[in-house]
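These notes are about the structure you will find just below.
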Amino acid sequence: TARLELRCAREGEAALRLDAHPTLRVRRAALRGTPGDGGDPQPLRVESRPFATYGSALHVHLPQPLRAGQLLSLEIDYEAGEGPGVCWLAPEQTAGKQKPYMYTQGQAVLNRSFFPCFDTPSVKCTYSATVQVPEGFTAVMSATSWEKQKDNTFVFKMSQPIPSYLIALAVGDIVSADVGPRSRVWAEPCLIEAAKKEYDGVIEEFLAVGEKLFGPYVWGRYDILFMPPSFPFGGMENPCLTFVTPCLLAGDRSLADVIIHEISHSWFGNLVTNATWGEFWLNEGFTMYAQRRISTEVYGLAYTCLEAATGRALLRQHMDNTGEDHPLNKLRVVIEPGLWGVNPDDTYNETPYEKGYCFVSYLAHLVGDQSKFDAFLQAYVNQFKFQSITADDTLGFFLEYFPELKEKGVDSIPGFEFDRWLNTPGWPPYLPDLSPGEQLMKPAEELAELWAADSLNVEVIEAVDITAWRTYQLVYFLDKILQKSPLPEGNVERLSKMYPKISKAQNAELRLRWCQIILKNNLEAEYGKVKDFLHSQGKQKYTLPLYRAMWGGSEAARALAMETFSATAPQLHVNVQNYVKKILGLEVAE
C-alpha cells in the first residue's frame with residue numbers, strides 16, 4: 001500500500017496524474033480527507049492510460065474539485081515486481097550463491113514500476129516505509145533512520161526531501177560492519193570482511209574534506225551497500241546508502257577513491273538536483289568537479305589531473321564513436337515526452353559528466369581564484385539545497401554572485417557563450433589545464449613506447465620502477481599499450497612476466513585493460529584471465545567492451561565469447577544479457 005500525502009497547488013483540480021509502469025497493478029485507490037484523518041477511506045476511480053514507452057499515466061479521479069492549498073491523503077493498494085526498476089536475483093547471481101536477493105534501481109524513471117509516484121526529479125518529498133521480509137533476510141533502504149521490529153519487519157524514514165529516483169530498497173542475506181563514526185559497510189556475509197578491510201577509516205576522510213569544501217553533510221549517515229556481482233552499475237548515489245559494485249573490493253584499497261564520486265553526489269545531485277533529465281550535467285558535471293576537488297585535497301593535483309585525463313580520453317572516444325555533432329553531445333538535451341518519447345536512460349553517455357566538468361571548470365577559470373570559486377559552490381549549495389533547479393537558475397546565480405563578471409558580459413564571450421555550452425553539440429570550447437599530471441603521464445608514455453619497440457631495450461625497461469605507481473598511472477600506461485597493440489611478437493608475454501602487479505591484479509580497472517590487451521594481441525595462453533574476469537562480475541562497463549573485443553577478434557576469441565556467455569548468462573542482469581546478445585548476433589526477447 002502506498003499512501004501519498006499531497007497539497008493541491010491549483011484551484012479546481014479534479015484528477016491526479018501519477019506515473020506508474022504498466023506492470024504495476026492497482027487493486028484499490030481511496031481518499032482520506034486530510035493526513036491523519038481517521039475516517040473511512042472514500043473509494044476512487046482509477047484508470048491507466050499509455051503515456052510513454054517507459055511508463056503510463058495513472059489517472060485518479062477525485063469526487064470533487066480541490067481548493068488551492070487543500071491537503072489530501074491518497075491510498076493506493078497495488079502489486080509490483082515485474083517492472084524494470086525491481087530486480088530479482090536468483091541465488092547463483094549473488095556472491096554467496098545460497099539465497100535470492102532483490103533490489104530497486106530508480107534512476108532515471110524506473111521507480112514508477114516500484115510504486116506509483118511523481119517520477120520526475122523536479123518533485124521532492126520525504127518518505128517512510130514498512131517492509132516485512134522472510135526470516136534470514138535483511139531489508140535496507142536509502143533512509144535517515146531504520147528500525148527492526150518483530151516478525152522481521154523493518155521501518156524506515158527519510159526525513160529530508162528527495163526526488164523519487166533516490167528511493168531505494170534492497171533485501172537479501174546482508175550484514176554490516178562499522179568503518180567510521182557515521183559510516184558502515186553492508187554486504188553478503190562472504191564479502192563483509194573484505195569490505196571492512198577495504199573501507200575502514202577511509203570514508204570519514206572523504207566526507208570531512210567534502211564538508212570543508214561544500215558545506216555540512218546533511219544526510220546523517222553515509223553507508224555503502226556492496227551489491228551482488230551481477231549489479232550492472234559502478235555505483236548509485238542513493239542518499240544515506242550508496243549501492244556499489246563489489247568490483248571496488250580490490251584487496252589493496254587501490255579503488256577506494258572511486259567512492260569519492262558517490263560521496264560528492266551528497267551535495268550535487270542529491271541536495272541540489274537537476275529539475276529535468278535533459279540537464280543531467282547539473283548533477284554529473286558538478287559532481288565530477290566536486291570529486292576532483294576532494295581528490296586534489298587528498299591525493300594532490302598531479303594524480304587528480306591524471307585521473308581527469310583518463311576521463312577526457314573517454315569523452316574523446318565517445319565523441320569519435322558518435323560524431324561530435326550528435327544531438328546527445330550537448331549539455332541541454334531535448335527529451336521529448338509522449339507515447340514514443342525518449343527514455344532518459346537511453347541518453348546516458350560521457351557528455352554530461354566530462355563536458356559538464358569542463359563547463360564547471362570554465363566557470364572557475366572565469367573567477368580566476370580557487371578559494372573564491374569554492375566559496376561560490378558553498379553558497380550555491382546553500383541557496384538551492386533540497387530544491388530541483390535548471391541551468392538557468394545555476395548560471396543566473398553565478399552571475400549574481402559575481403556581479404563584476406556579469407558586468408563584463410562573460411556569458412556572451414565569442415566562442416564561449418553560455419548558450420553555446422548548453423545548446424551546441426561538440427567538443428568542449430574550454431579544457432582545464434591538466435599539465436600538472438604530466439609528471440605522472442610522461443613516465444607512463446615513455447614506458448609504453450619502450451614496450452612497443454621491435455627490439456626491447458630490457459635494461460632501460462628494468463630501470464623503470466612501477467611499484468609505487470597508483471591505479472590511474474597504471475591505467476594510463478595500459479591505455480597507451482592498448483593503443484599501440486598489437487605489439488611486436490613476444491612483447492606482451494614478456495610484459496606479463498615482468499609486471500605481475502598488472503597481469504595478476506585483482507583491481508578491476510587493471511583487469512579490464514589487461515584482458516583487452518590479451519584480446520587485441522590474440523594472446524590465447526592468457527584467455528583464461530578473460531574468462532575468469534567475466535565469471536567474477538557482471539558490471540556493464542567491464543562486460544560489454546570485452547565481448548565487443550572478443551567478437552571483433554579471431555575465431556578462437558569468438559569461440560571464447562560464446563562459451564563464456566553460455567556459462568555466465570544466468571548470473572548477468574537482464575539488460576546486460578540483452579546487450580551481449582546484440583553484440584553476439586543472438587536473438588533478443590522483446
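Cβ coordinates are placed from backbone N, Cα and C, and glycine is handled just like the others.
With a cut-off of 8 Å between CB atoms and residues at least 6 apart in sequence, the same chain places Leu166, Glu262, His265, Ser266, Gly269, Asn270 near Glu237 (peptide binding site), listed in sequence order. Residues or ranges marked as peptide binding site in TrEMBL: Gln105, Gly106, Gln107, Pro232, Phe233, Gly234, Gly235, Met236, Glu237, Lys539, Gln540, Lys541.
Same-chain residues at least 6 positions away in sequence with a Cβ under 8 Å from that of Glu284 (Zn(2+) binding site) are, in sequence order, Gly269, Pro352, Tyr353, Gly356. Taken from TrEMBL, the feature Zn(2+) binding site covers His261, His265, Glu284.
Just so you know, the Cβ of Glu262 (active site, proton acceptor) picks up 23 other Cβ atoms within 10 Å once every protein chain is counted. For Glu262, the entry in TrEMBL reads active site, proton acceptor.
Sequence annotations record features per position, and here TrEMBL assigns active site, proton donor to Tyr353.
Per TrEMBL, the feature domain 'Peptidase M1 leukotriene A4 hydrolase/aminopeptidase C-terminal' maps to 439-584.
Residue environment of Gln105 (peptide binding site) contains 24 other Cβ atoms, counted within 10 Å of its Cβ in all protein chains. Between the C-alpha atoms of Gln107 (peptide binding site) and His261 (Zn(2+) binding site), the distance comes to 16 Å.
Averaged across the domain 'Peptidase M1 leukotriene A4 hydrolase/aminopeptidase C-terminal' (439-584), the predicted model reaches a pLDDT of 95.
In this structure, the recorded positions under consideration are Phe233, Tyr353, and the one with the smallest number of other Cβ atoms within 10 Å of its Cβ is Phe233.
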